[in-house]
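Enquirer: Here it is, the structure, as structure tokens.
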Amino acid sequence: MAKIIKFDQEGRNAILKGVNTLADAVKVTLGPKGRNVIIEKSFGSPLITKDGVTVAKEIELEDKFENMGAQLVKEVASKTSDVAGDGTTTATVLAQAIYRQGSKLVAAGHNPMEIKRGIDSAVETIVAELQKISKPIKDHKEIAQVGTISANNDKTIGGIIAEAMEKVGKEGVITVEEAKAMETSLETVEGMQFDRGYLSPYFVTDPERMEASLENANILIHDKKISNMKDLLPILEQTAKSGRPLLIIAEDIEGEALATLVVNKLRGVLNICAVKAPGFGDRRKAMLEDIAVLTGGKVISEELGFKLENATFDMLGTAKRVTIDKDNTTIIDGDGSEADIQGRVKQIRAQIEETSSDYDREKLQERLAKLVGGVAVIKVGAATETEMKEKKARVEDALHATRAAVDEGIVPGGGVAYIRSLGALEGISLPAEQQFGVTLIKRALEEPIRQIAQNAGVDGSIVVDKVKNGKDAFGFNAADDEYVDMIAAGIIDPTKVSRSALQNAASVAGLMLTTEAMIADKPKEEAAMPAMPGGMGGMGGMGGMM
């Protein structure tokens, strides 16, 4: 297929046009007074959002060369969202500012490679300075403030996220779901929960709530199907003698084995319940091992040399309480030894570090949370489906940002941290051409605060000047249109977000500046429609048929 090639300034101008188109659509959402963007959907109602990365992901331009520029900036937003969960609009604004200034310098005859080196040195210095300014997050209140800012100043969301973090701890899993009601609420699960319910409703001990509750229960963990009653007999006899309830977790329990368990339960001989093992394949084996470690039992598996008919009572795990409903099983206060649990946690953490798959990482994180913290579910409520989608996206953003804040600490928000770190660039001494890159970063770092002010209907230059003349956390609160101590006012950004936004923006803008040729497919010529064939005349003669 034939290609079109653009060189030098012609190519860079096309990139700039694409960058500007995408960035101008995204940056209207920045800050507390940022505007909404409405996105048409092929199905259902349009999507209304104030999330930069959502806007960026929807943009495809008709011109292939301009689209390349837009797609590269989209990459900045996506990467920042993946790493830090927030800061996508800031990253887009920075990328546009760096590339716009840089392309002017290159057009004026400066060496793009030297400018890029200057940009890289400046960014390194700023990142080090941001880490110096950064303060560790101390309490519930600061976690709530980070969540509030990231959720576009929604204090309810900030409060719920802080509460969830407090309940399940740093390692805990917090998931976001759609609620059936109008209110947004938080549900937490103590202990280990997995999504498998009882195999028969006859196991229920509380008919009103339709759940089985076993106090001081023994737990049998088996990785194969149980269909033959003979295999289970030795364990059941010992359970009947001990008088304690028994939970059986196996790949499946069917036929004669299940029928016998139900009959014994109904006659009151045994207080028993059976559930299927969670997960599939290798993940199932790992989860059964987790349950065994948590409850101080052993997985009865032929792979490990244990047969079910030879299982002894000391292979069973124990827990203070087990609750089973039709969908979930929750094991509370397992009797596993602390040392074994910590060893297992260490092992899972090592796997999280090594894995390259996001899906695997998420599943490992869930397993870790079940062992150490617990699970919290934020149920997002709203009046309409459109509002629900928008709100759920905000909650997810806020959750990521809060985790980032707990990881690396916080800096003053509203673009102030960038202004405060500018002083570090004064001490940099580089060759003249590279110094242009440093000057360019100095100008670009003012852009987020300018845009926040502009979206609030205030002159950005005046705000930048006033903030530069202030000290420490002094900055512009666009929500109330006043100058305040940003940290005291709760306007804070996670350091990880500010750092990632700048690093990703500078990385992609630097690559675009050093581009000398662009190649794209030539648009296909659409063939013209063929003319109507002749010979269709003469139909009028049919009038004589009357």
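These residue numbers are counts, starting from 1, taken along the chain as shown.
Backbone N, Cα and C atoms are what each Cβ position is placed from, and that goes for glycine too.
Positions annotated as ATP binding site by Swiss-Prot, on the basis of sequence analysis: 29-32, Lys50, 86-90, Gly414, 477-479, Asp493.
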Enquirer: Just name the most isolated of the binding-site residues Thr29, Thr89, going by other Cβ atoms within 10 Å of its Cβ.
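Expert: Counting other Cβ atoms within 10 Å of each of the binding-site residues Thr29, Thr89 gives the minimum at Thr29.
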Enquirer: How many other Cβ atoms sit within 10 Å of the Cβ of Gly31 (ATP binding site)?
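Expert: Other Cβ atoms within 10 Å of Gly31 (ATP binding site): 27.
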Enquirer: So, in DSSP terms, is Thr29 (ATP binding site) helix, strand, or coil?
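Expert: The three-state answer is coil.
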Enquirer: Going by DSSP, is Asp493 (ATP binding site) part of a helix, a strand, or coil?
Expert: strand
Enquirer: With an 8 Å cut-off on Cβ-Cβ distance and a minimum sequence separation of at least 6, pull the same-chain contacts of Gly414 (ATP binding site), or say none.
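Expert: The list for Gly414 (ATP binding site) reads Gly31, Ile449, Ile452, Gly475, Phe476, Asn477, Ala478, Met486, Ile491, Asp493, given in order along the sequence.
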Enquirer: Once the DSSP letters are reduced so that anything not helix or strand counts as coil, what is Thr89 (ATP binding site)?
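Expert: It is helical.
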Enquirer: Measuring CB to CB from Lys50 (ATP binding site), give everything in the same chain under 8 Å that is also at least six residues away in sequence.
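Expert: Sequence-distant Cβ neighbours: Thr29, Gly34, Arg35, Asn36, Val37, Asn152, Glu390, Arg394.
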Enquirer: Output, ordered by sequence, the same-chain residues six or more apart from Gly87 (ATP binding site) with a CB under 8 Å from its CB, or 'none'.
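Expert: The answer is Thr80, Ser81, Ala401, Asp493, Val497, Ser498, Ser500, Ala501.
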